[in-house]
Amino acid sequence: MADSTLTGIPVATGIAIGKAFFVNRNHMANLPRQIVAAEDMPAEIERLRAAFKSVETELAAIREQVPEELKSHGSLIDTHLMMLKDPKLAGASEKYIETLGLNAAWALEKAVSDQEATFEAIKDQYIRERMQDVRVVAEKVQTKLMGVKTDLSSISGRAIIMAHDLTPADTVELQVDKIMAFATVRGGKTSHTGIMARSLGIPALVGVGRLEEVHDGDLVIIDGLTGKIVINPTESELAEYNERAALFEDYTRKIRRHCHLPAETFDGSRVMVQANIELVEEVTAVLDNGGEGVGLYRTEYAYLNRTTLPTEEELAEKYIDLAAIMSPRKVVFRTLDLGSDKFIASYGELNETNPAMGLRAIRFCLKNPQLFKTQLRAILRASAYGNVSLMFPMISGVKEVRQAKAWLAQAKAELRREGVDYDPDMPIGTMIELPAAVMIAEFLAHEVDFFSIGTNDLIQYSIGVDRTNRHVSYLYQPLHPATLRAIKLVVDAAHQAGIEVSLCGEVASDPFCVPILLGMGIDSISMTPQAIPGIKRIIRQTNMHDCRLLLKDVLECRTVSRINNLVMDNIFKHFPEEVTFFSSLLENDELPS
Ligand code: PEP
Ligand code: MG
């Protein structure tokens, strides 16, 4: 038997076998607090100095390797290096060792807290940012003192990352070529960590709950199909998983061969299958996997991991590249969805009690019009180079759409005056992610050219279940009758008003849900690029007539379990080959009954 087996929520499929590399993000909870004897104080001061020096050496080495195109990341490291060299922080810590006899990590903690207390009352944004940087630098030194490895860039060889949590900013920093898979204690199915893993094409589990049993260097298997982590497997387990991994790779290769065929049902209905991307660099994955366009470009990722805001020029350059490469295929730019779990250093954390319901997305942009307008201008400029659409996230009412469009009109007027080209007919859409937007879909449909249903948030807000909270992930049900009715309402409202409707939440990549969406008459679906070949294959083997019948039955069900049964029957009936294949990858006790 393996040492032990843990279970998490699978968020990106595939099987990886490799050495664990633990990135302990929660180590501050275990900060040692000890009193040092007088005779040991000089040695403790030496230890502190050595830790500062060692972090400095490591950062300097990383700085050397930062590529030119990641300039902003480089300047953040420069700031941290300056702070490490600043004698104030180290000096204050040494004093606490000498006068109070605190151990080095605790002394540094006290020195940082003093600085925070001094600057707390100052509302200046710049000071706030610097204070956050001081905290980051201090934590690096403290983890060094505690002997904990944290730096994602210090991974040697290829590894499976184990972490308490990975923020969207962390995932942007990951060196993809070194990472085979990851597992985190926290997180839910549609947390942005999972989304990022899927776009990187590596297996991932979130919401594992605990990872104490895993140690650095342990051989682990991450099974992104069943959600299992097998720690130090036996020879026979290893052989079995190697076989499953090979089968899965074969299947992936096979379905990719047909991914460029159109997503057309047996009886001739077409649905557009597009991709969700977070970084412009993902266009290759979109095209390689047969994406017919970019249905959702999450533009906020380009704002993370930097201390300054991107300029209009910087954004326009990226956006123009994307529009031109994808042309004549469509690219839907979603304006910034910052806030909640995605913060930018320049604005700091907003310290909200309930950030998911706070100053997020369009609300944040309307409060910061300069930042909003810079982005709108850049998107408009890109519209002259391809087939560009724009949409607003987290819309809760007609007024918000009108306010957002007013800023867009102003951006257009400015560009016109400056003689800069843009597409005056660029389609404008809104995401439908809030129950309020669902209920007024018929009004919103008259304000915009298209809808895009964001089920990740729509499920979160309508069922009242935090999409990142593993404790309630069992309630996060795409096939909840409320979710399905909401989607149907929006599709019908859109079509009644003569506008197109897309769906870009994770539901779009769920083979169990797609036949229902087809039955509703959805015009396009957008998903992580890696999911496109499989979903296109499902659509090509489907009959629209059957989808409508399935939808009719599903809408009559009152419970999720009834719907699940119907959907399962449908899969068994229409996709026996898929069922047989995936069954062969699961263990017997995991097969649906
Ligand atoms: C959604 O909410 O479904 C969506 C696509 O947006 P995001 O996942 O970026 O919040
Ligand atoms: Mg959303």
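Every residue, even glycine, has its Cβ placed from backbone N, Cα and C.
Take the phosphoenolpyruvate site that TrEMBL assigns to R298, N456, D457, R467: the candidate from R329, R334, R416, R417 listed for it is R334. Restricting the binding-site residues R298, R334, N456, R467 to those with a CA within 10 Å of the CA of C504 (active site, proton donor) leaves N456, listed by sequence position.
Just so you know, the Cβ of R467 (phosphoenolpyruvate binding site) picks up 24 other Cβ atoms within 10 Å once every protein chain is counted. Taking N456, R467, C504 as the candidate recorded positions, the subset whose CB lies under 6 angstroms from any atom of ligand 2 consists of N456. Here the domain 'PEP-utilising enzyme mobile' (158-227) is broken down by DSSP into helix, strand and coil counts: 18 helix, 19 strand, 33 coil.
For C504 (active site, proton donor), the count of additional Cβ atoms within 10 Å of its Cβ stands at 27 [all protein chains shown].
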